Amino acid sequence: MRLGKPKGGISRRSSQGKISENQRKTGRQQQKWGMTIRFDSSLSRLRRSLDKKPYKCSECEKSFSQSSTLFQHQKIHTGKKSHKCFDCGKSFFQSSNLIQHRRVHTGEKPYKCDECGERFKQSSNLIQHQRIHTGEKPYQCDECGRCFSQSSHLIQHQRTHTGEKPYQCSECGKCFSQSSHLRQHMKVHKEEKPRKTRGKNRRAKTHVVSSWKAGIGRKSVTGLR
């Protein structure tokens, strides 16, 4: 007597066929990315290991995923600058900073703008420059909503709201919100100093001439006697 297939059931052969087909699809998708991950658990373990930062700085408790990154960070606390420029003697914490600095001496500009061909020493300068072409302004003021292409421009703008003036003149104590305004102001003092010097020299010459004339006058009176 042949037993009938249960209603709503799935035969073992058909279920195995669907499983094998799903496995083939998954395998093809994984091969597209040039790697094969056999189980989802392997991917999960990989993600967890990347998220971990087991290397902790004893000075500031900042954590890092790699020991080499922690080693570079600790130089900030020790003050050790082991990477030295042979041209000017300036030292740096990291070799990458020295490489960027060396471009000051060599004039190398490896980062090129695809739009206009202008070249830059640092990638960050190229990114800022490209916003001229794209019109991107990612830095927004929380007070008035105005947007800027560079973070430094946003910081300067925010001082119009806060009233902060961190740049002080060493000559008269006047404060400014921007360093460029302070430099412009300092020219006033540079122009004043030569004028004061000329005034002092003029008074000194007048005094010498007056003394000389007075001496001649006394000699003349003595001669008449």
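Backbone N, Cα and C atoms are what each Cβ position is placed from, and that goes for glycine too.
All annotation found in TrEMBL is predicted automatically rather than curated by experts.
What TrEMBL lists as compositional bias 'Basic residues' is 195-206. Feature annotation from TrEMBL assigns domain 'C2H2-type' to 55-82, 83-110, 111-138, 139-166, 167-194. Under the heading region 'Disordered', TrEMBL lists 1-38, 184-211.
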Averaged pLDDT score, the domain 'C2H2-type' (111-138): 94
Secondary structure composition of the domain 'C2H2-type' (83-110) [DSSP: H/G/I, E/B, coil]: 12 helix, 4 strand, 12 coil
Contacting positions for the domain 'C2H2-type' (111-138) when only residues 6+ beyond its ends and CB under 8 Å are counted: 100, 103-104, 147-150
